[in-house]
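Written below as structure tokens is the structure these notes are about.
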Amino acid sequence: MATKPTEKHSAVAHDVEIIPGTEIMADVGGVHYAHAGGSQSGSVLIPQPSNNPSDPLNWSLTWKLTTALSQLLYVWVLVCSALSLAPMFPFLGMEFHLGQQQLSLLTGLNVITLGFANIFIVPLSNIFGRRPISIFFGFLVILTNIWQALATTHKSFLAARACNGIVAATSETIMVQVIADMFYLHERGAWMGLYFTFYFSGAFLGPIMSGNIAARHGWRSFFWLSVALAAFVTILLIFAFPETRWRRSNGNHPSSSKVTKDMKDNPHIQDAPIDSEANSEHHDGQLVGKGQPSKAQWSPIQRPDGKWLQFIVRDLTTPFLVFFNPIIFWAALMLAGPADLLLLFNLTESGLFGSPAYNFSPGQVGYTNFAFFVGGLIGLATAGPLSDWTARLLTKRNGGIREAEFRLPSMIPYVIFFIISHVVGAVGYTQLWRWSAIVVCGFGFSGLAVTSIPTIAIAYAVDCYKPISGEIMIVATVLKNVLGFCLSYWVFQVLAEKGWIAVVDVPGRLDDTLVLLGQESEEVDEEFGAPSHGGYALIM
């Protein structure tokens, strides 16, 4: 990571070693930060805001909520239309004469294109802005849904699925960039949780809708509904989603060397309270919570960034340069593991519950996805706030010095539920347990894990490397979707040869082991992730 003090303005530890994600959450010596509420009793705000009321960090709560919710609804609709095929497999199989593996690849191809398209979407959003790229791709989503609704051959439908994955990929990265643009360090956990809840609730509720609509009105009707929903959220973006991209002046950031000297001279630091509100910034706190988007931020075409060539080079190369950075790679796996367990359940629910052992109709199969949704809501209500609260508590105990790893202890209860969902999926499927046990403890706990573990892990990675939040999501989504594609390709073959336990156990053992490795994360950061490793300075 870069060692420039202007870019990582307060990442200094007590022993003067700077490691990724370390922030000073207290005034030290002659260095004073903006505080929440505009008073010194509020928590220190990271990043520090500019003096401009149009700075997204200075926007009022109303504008922030309007902007975020319009983007979250956009995410939900795109995911809902892309990842809701499973309950419609029987109808699609009859329509196009497809086997189980061909049907699973309809989802797998969409998943793989969802991941790799972000390699190009992130640089486009950095150059042209979040607003124009979201709106442009929203119109393309409408067109691809029309194509899916009108497809008359398997090849045409498969091509439509691939194209839909490409244009729906904005759902996987832009909202994370918006969170980094508008919200402070102490708020990111809660908003990351909200993002993952909207994202995965699209995958939870979409199958409920698709299964029942297909059973009553035909599978094409679901895609016509998707056309209408995509049109609605695209129009909503036009009127409710201003540009959030903001290039911050480095002049507002204090020198790390000065802070380090002050800390050495003043070992007993009075730390500011860590619990706070989001409505304060600017060095005297006068503009925080009072700003609003400027007229230019509503323009449908944003002026390209003057450093567009630099962004192209940086954004296209950064995902490859940081792919095996221990922090980023681990966080990506924490998204991939729970998401791919969810995909596994999604791919197999029709085959299991539609079998003679349960004899569920497509609509009833769709209703089982309510368990994912309820679990996801519990994850939303607890994971982000719990990780933020844990980090604040440990920061206060640490004398006002915040380490990114302070989020990680809050992951432990969710890991337990994640392991239980694996066991129930493997054993319950094999022994044909009561449907309620599989749905509640398998599907429900999986939904809980998929909105909690990624929330904490990705927030941790963004805390460490905020300037490349979009690139972090590229790594995470590529890994998630490549593994998901592989899963969709071999799941039914392994099922036929080895049974359900092997299908769930192969990814399950890997996932659970890697989750537990997070407990050693701080040591890994210090050894591999410190800014002294100049390779990462290039990209920051």
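Each Cβ is built from the backbone N, Cα and C atoms, and glycine gets one as well.
Annotated range for transmembrane segment in TrEMBL, selecting from 158-180, 365-387: 365-387. Counting Cβ pairs under 8 Å to the transmembrane segment (72-91), the stretch among 221-241, 365-387, 435-460 with the most such contacts is 221-241. Contacts between the transmembrane segment (320-345) and the transmembrane segment (408-429): present, as 3 or more C-beta pairs lie under 8 angstroms, all at sequence separation of six or more. Mean pLDDT across the domain 'Major facilitator superfamily (MFS) profile' (65-540) comes to 82 in this model. Among residues of the same chain six or more beyond the transmembrane segment (221-241), those with a C-beta under 8 A of the stretch's C-beta atoms are 66-67, 69-71, 73-74, 77-78, 80-81, 84, 88, 130-131, 134-135, 138-139, 141-142, 145-146, 148-149, 209-210, 213-214, 300. The stretch with the most CB contacts under 8 Å to the transmembrane segment (103-121), chosen from 365-387, 435-460, 472-492, is 472-492.
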